[in-house]
Amino acid sequence: MTAIKLIVGLGNPGTEYEQTRHNAGALFVERIAEKQGINLVADRKYFGLTGRFSHQGQDIRLLIPTTYMNRSGQAVAALAGFFRIKPEEILVAHDELDLPPGVAKLKTGGGHGGHNGLRDIIAQLGNQNTFHRLRLGIGHPGVASMVSNFVLGRAPRAEQEKLDASIDFALGVLPDIFAGEWNRAMKNLHSQKA
């Protein structure tokens, strides 16, 4: 399968949104940058924080959009368009209401499932939904009317520790993801639970 050239971490900008459930994807990309020893730098051209590193001679770019979640596609389309990165060479990390905290799953393609960040990325990529997703479980409040406050809220410590563990599990399968070994990455990641 295709190797990844761009990893996007979704979230909302600003200190008031740091450590909220909705910023799980951004946290994942921050952890990659930390592990790689690189700084993410604000780049107005790409509407986000960007970084770059090499893995076994392969150039991999990181992006955390600094637009609000529902405009994430603006950043993804700008960077992917400039560097000629195809949708299937993109991994988007995002919070997932349909998975419990401590669970992370990889998925290729599909709809947006009501996630406004994914919805905008699909639209901005010309209705291309073939990009890969890292779904980081945050759980569900149980009632649809509570979702907005839930995702924009900070998780209790025990829940945050589970999210951190799922991010660690996902970091552990990155070498397989970089190599395009999706089946192996999925098998290893999907067998983990915090």
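Positions of Cβ are set from backbone N, Cα and C atoms, glycine also.
Features of the protein shown, as given by Swiss-Prot:
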- Asn12: site 'Discriminates between blocked and unblocked aminoacyl-tRNA' (SITE)
- Tyr17, Tyr68, Asn70, Asn116: tRNA binding site (BINDING)
- His22: active site, proton acceptor (ACT_SITE)
- Asp95: site 'Stabilizes the basic form of H active site to accept a proton' (SITE)
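Shown on the structure are the features that Swiss-Prot records.
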{"residue": "Asn12", "record": "site 'Discriminates between blocked and unblocked aminoacyl-tRNA'", "DSSP (3 states)": "coil"}
{"residue": "Tyr17", "record": "tRNA binding site", "DSSP (3 states)": "helix"}
{"residue": "His22", "record": "active site, proton acceptor", "DSSP (3 states)": "helix"}
{"residue": "Tyr68", "record": "tRNA binding site", "DSSP (3 states)": "coil"}
{"residue": "Asp95", "record": "site 'Stabilizes the basic form of H active site to accept a proton'", "DSSP (3 states)": "strand"}
{"residue": "Asn116", "record": "tRNA binding site", "DSSP (3 states)": "helix"}
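Taking the Cβ of the residue listed as 'active site, proton acceptor' as centre and 10 Å as the limit, one finds 22 other Cβ atoms among all the protein chains shown. Ranking the recorded positions Tyr17, His22, Tyr68, Asn70 by Cα distance from Asp95 (site 'Stabilizes the basic form of H active site to accept a proton') puts His22 first. In this view, Asn12 (site 'Discriminates between blocked and unblocked aminoacyl-tRNA') is surrounded by 21 other Cβ atoms within 10 Å of its Cβ, with every protein chain counted. Among the binding-site residues listed (Tyr68, Asn70, Asn116), Tyr68 has its Cα nearest to the Cα of Asn12 (site 'Discriminates between blocked and unblocked aminoacyl-tRNA'). For Asn116 (tRNA binding site) paired with His22 (active site, proton acceptor), the C-alpha to C-alpha distance reads 11 Å.
Sorted by the number of other CB atoms within 10 A, the binding-site residues Asn70, Asn116 start with Asn70, the lowest. Same-chain neighbours of the tRNA site beyond Tyr17, Tyr68, Asn70, Asn116, judged by a C-beta within 8 angstroms of the site's C-beta center, are, in sequence order, Asn12, His22, Thr67, Met69, Arg71, Ser72, Gly117. Just so you know, the Cβ of Tyr17 (tRNA binding site) picks up 17 other Cβ atoms within 10 Å once every protein chain is counted. Between the CA atoms of Asn70 (tRNA binding site) and His22 (active site, proton acceptor) there is a gap of 12 Å. Using a 10 Å Cβ-Cβ cutoff, Asp95 (site 'Stabilizes the basic form of H active site to accept a proton') registers 26 neighbours.
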